[in-house]
Amino acid sequence: MRTAYFIFVGALLGVSYAKHHHAARAPIINLQGAEELVAVVREDENIISTVPDFAILSETGPVCNYLLTSQNNEPVPFDIQVVDKYTGAAVLRVKDAATLDCKKPEYNLQVQAVKCDNDNVKSEGVSLKIRVKDTNNHAPEIENPWYTFHVEEGKVVEEVGVLKASDKDCGHPNGEICEYEITNGLKELPFAINNHGVLRTTQPLNFTQSKSYILTVVAIDCAMRKSKSSLVTVHVDEKCVQGITAMNERVNYAPGVGSKLLLPDVSLEFCEKETICEPKSVQSVIELRAGHVTQGCARDTVYDNQTIQSCGLSTATVKLLNEEALTSSAENQILADQGIEFDGARGVTVSDENHQGLIPDHFTLSFSMKHAAGTKDEQSNKQNILCESDDFNMNRHHFSVYIRHCKLEVVLRREAGATSDFRAAEWRWSMPEVCDNEWHSYSLLFNGIDDVNVIVDGKSFKADERNPEILDDWPLHKTKATKTKLVVGACWHGRQQKLAQFFRGQLSSLYLLSGAVESERAIKCAHTCPEQLQFTGVDELLESQSATFSPDQTSLTLKAETSKQIGQMLKRVAYVNTQEKPAPGHRVFLVETEVTCKQDDKKMKLPSSKGYVFVQQAAEPTLSISASSQLKSNQHMVKVGQAMVPDLTITISQNNADGELEDVTQSHKIDYCKMHLQPARDMDVEYFSSPASLIAALNIEFEHDKDGILLRGEESAQGYKEVLSKVHYFNTRPESYAKRVYTVQCAMLKGRVLSNQLFVTMTIDGVTTTTSTTTEAPAPAQPDPIQFNFNSGETALDSLELIERHFEPAFDQLGSSRLQNILEMDLPRPKALLSHHGYDVGQGAIAGGAVAVVVVVCVGFLLVLLVIGVLKMRDTPMPRRRRQKRQSDGGMHWDDSGMNITVNPLDDVEKNGGAIDEFSDEEEEEETDGESECSYRDEEDDVSEDEEDQTEVLPHLDANQRVVGGLEWDDEDAISTNARSYRV
């Protein structure tokens with residue numbers, strides 16, 4: 001018993017000792033073989049993972065806390081939260097109030113595990129290294145939000161200025177600036193910036209183009225994060241450039257725009273210091289260099305109609321060299337500049353139609369020539385421009401103009417009938433223009449052999465004692481053969497019967513006035529260049545300023561006191577070309593400036609400037625016509641006349657100087673318009689109408705042919721539109737066509753400009769017959785008589801108006817041959833006789849003079865009777881009564897489908913009793929006589945098949961029987977008196 005007690009007490013003491021010993025043991029951090037704890041954290045992270053994880057030896061636990069301390073007693077932005085106190089698992093995190101920054105990239109800390117029940121029991125310290133990783137959470141920053149730099153114009157600057165930027169991030173790539181960028185560089189600004197922020201120019205800057213530039217620049221770190229934009233202003237400092245600046249070297253000129261400024265934005269600078277040259281006066285000379293044809297002044301327009309009228313040139317002048325006639329000839333090459341090239345082996349014989357007989361000693365010869373010097377052998381030979389020599393058996397030169405030794409020489413031999421004197425016969429002019437291989441214009445004025453002058457390019461040649469050389473000779477000897485031959489570009493040798501002494505060069509505009517001499521004033525006027533300079537600032541000139549032109553206005557001299565004044569005057573210099581169609585190409589203009597200094601009147605020349613005027617090809621106007629391409633009609637409308645293009649529109653447009661399309665309809669005229677049927681019309685049944693009164697008021701001729709209509713004559717587009725829109729189409733057998741296709745086309749400028757071809761399709765529908773609602777039609781043999789109400793009142797109508805309103809014309813009641821005869825006369829008719837509502841129908845043929853006289857007499861007589869009848873009807877009130885129909889012995893049978901009545905508008909109305917009586921016997925005799933004069937009895941002898949069928953028009957009448965009684969006329973009278981048939 002005692003033994004058991006001691007065993008129990010010993011066990012209790014052992015357990016108590018074991019517990020005390022365990023509680024007193026310090027925790028041990030398990031590094032799992034590592035020497036220290038390591039962690040990496042991003043600046044923007046809160047939870048940190050360590051290697052290895054936090055843990056303790058399980059037998060040394062439990063732990064409730066970890067203690068973090070720094071070696072330098074710095075604040076620790078971390079704490080550790082225990083997850084499992086027995087294993088020591090914990091989480092390292094950044095304190096809520098703490099912020100990590102890469103500027104402190106590493107933390108060296110000591111970690112100790114603290115016993116749960118006793119804070120004094122701690123583990124040994126373990127090293128914890130935490131490295132902070134940069135996250136590029138800062139954008140780069142440029143030091144200044146605004147930079148200003150200055151650059152001198154005219155040169156490339158490698159360093160305009162330097163921009164500096166920084167980044168609060170650490171190291172590469174987040175903390176380093178790798179690039180600078182100009183963000184508005186899409187505007188092609190002349191600037192660039194490198195990776196170090198150095199701004200430079202890529203091309204010389206121009207103060208005139210832009211006085212300053214504003215750039216937006218950003219800095220970019222190596223991680224491609226951009227900074228905010230910084231504004232950079234670059235001011236361009238103007239550099240004094242001596243001479244003309246801001247000059248547009250190319251000026252485009254469109255024909256017909258009038259004058260155009262050559263130097264609208266120009267300025268003139270003088271950069272010398274006043275100590276060197278103080279300006280006293282400044283002078284600028286503008287020269288327009290316009291040569292022949294390709295370079296500007298077209299000398300071949302010397303003898304055009306406009307020049308002949310304006311300068312008073314003789315209309316008897318003959319053109320000896322016709323370039324247009326030689327276009328298809330293979331003998332000479334037609335050049336692009338409208339000259340003819342002679343290759344030294346060919347010539348052109350002048351026909352007798354252009355010139356006959358010998359050239360007298362009074363004449364004017366004008367021509368344009370381009371001739372090169374050539375070799376010495378070529379210079380020693382005669383090169384004939386124009387030569388008149390014997391046609392057969394002899395080689396005598398009666399007259400010749402030729403080149404030899406680069407001299408222009410003329411031979412004019414007196415004929416055998418002249419006095420036997422030793423007189424002047426040959427002239428030799430020495431002038432540089434002959435062999436400079438440029439186009440020049442020459443005019444030889446022979447007012448007898450003792451009065452000879454030469455005009456070159458519109459300027460008189462200044463003769464002296466030695467130039468020209470004049471050689472004398474005797475007259476030619478008398479011969480039987482007097483026939484001569486005139487040749488251009490060579491000379492005919494009659495003895496050898498071949499051409500010789502050929503010209504080598506180019507000729508153009510060869511004109512001869514035989515037997516008369518043009519005045520020098522007229523020749524100079526004709527050679528005035530149509531291209532000139534103009535000065536538009538005459539009203540702005542000051543007292544010290546002047547503007548002086550050369551005689552031909554191709555040179556202008558401006559004078560002023562300062563360079564700025566000259567610059568303002570240069571802005572007013574303009575170019576003008578008065579030709580309607582100038583030769584396209586470029587013209588050169590030069591500007592020379594000279595400054596006169598106050599110091600000893602020294603003169604200084606400024607740099608010259610050169611520009612070009614590009615004359616564009618004259619744009620032809622565009623002529624367009626439009627209308628509805630589909631036109632619906634019916635047989636009735638075609639029978640009475642269908643307008644063919646009622647909504648026609650004619651428009652003329654042309655590009656203006658700005659290239660914009662402009663309506664110029666009012667400033668042009670139409671030459672002709674044609675309207676053709678496809679296929680061609682049937683001459684027997686198809687006709688056209690023309691508004692005769694309108695055509696008579698316009699300068700238009702109206703013609704018909706098998707294809708259709710032709711309107712011609714220079715007239716406005718509005719005039720043609722009105723006529724064409726009132727042209728009507730007729731068909732006496734409308735059922736023959738279901739549709740008709742026709743085209744309309746117009747032309748202008750002598751036929752050079754054609755309009756579009758307008759296609760119109762006319763669809764002809766059939767006439768719809770209205771059916772009665774009753775099943776039984778009234779008996780055709782006994783219709784109710786037609787009543788005419790002639791009583792006065794609101795509903796009463798004039799008899800003529802009643803006829804026009806209630807009746808329609810029926811062309812089929814007339815034979816086609818008779819109808820064509822009527823239509824061909826195209827004569828005006830009384831209103832009651834018109835069936836086409838004012839349209840004159842015709843084939844275009846005109847009756848003979850005798851027929852016309854008879855027709856005029858008939859129409860006049862009928863008009864008188866018509867007026868008398870109308871006056872009687874209007875003066876006499878008409879009681880209502882039914883017109884009783886009297887049938888002939890054969891009987892009249894009426895057709896219910898339509899009653900044909902031939903109405904004679906000349907019938908008189910009986911005044912007494914209101915009854916419609918016949919005319920008196922006297923009136924009938926007069927009417928019969930009148931009708932016999934204008935009848936077509938002669939034409940009725942040959943009756944066509946269509947005319948033989950006229951009995952179908954009035955089936956109730958016998959063709960050879962006159963109705964007695966109620967009917968006041970018969971079908972025979974209706975045909976012979978031009979009375980219209982109306983269908984009810």
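Cβ atoms are placed via backbone N, Cα and C, with glycine included.
Mean predicted confidence for the topological domain 'Extracellular' (19-850): the pLDDT average there is 82. The feature topological domain 'Extracellular' is assigned by Swiss-Prot to 19-850, with a curator's inference given as support.
Feature annotation from Swiss-Prot assigns domain 'Cadherin 1' to 66-142.
Following the DSSP three-state reduction, the secondary structure of Asn206 (N-linked glycosylation site) is coil. What Swiss-Prot lists as N-linked glycosylation site is Asn206 (among others).
According to Swiss-Prot, the N-linked glycosylation site annotation covers Asn305 (among others), on the basis of sequence analysis.
What Swiss-Prot lists as region 'Disordered' is 878-959.
For 886-896, the entry in Swiss-Prot reads compositional bias 'Basic and acidic residues'.
According to Swiss-Prot, the compositional bias 'Acidic residues' annotation covers 918-951.
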Checklist entry - Does Asn206 (N-linked glycosylation site) have same-chain partners at least 6 apart in sequence with Cβ under 8 Å from its own Cβ, and which are they? => result Glu153, Gly154, Val236
Checklist outcome for this item: Counted with DSSP (H/G/I as helix, E/B as strand, rest coil), the domain 'Cadherin 1' (66-142) has 0 helix, 39 strand, 38 coil
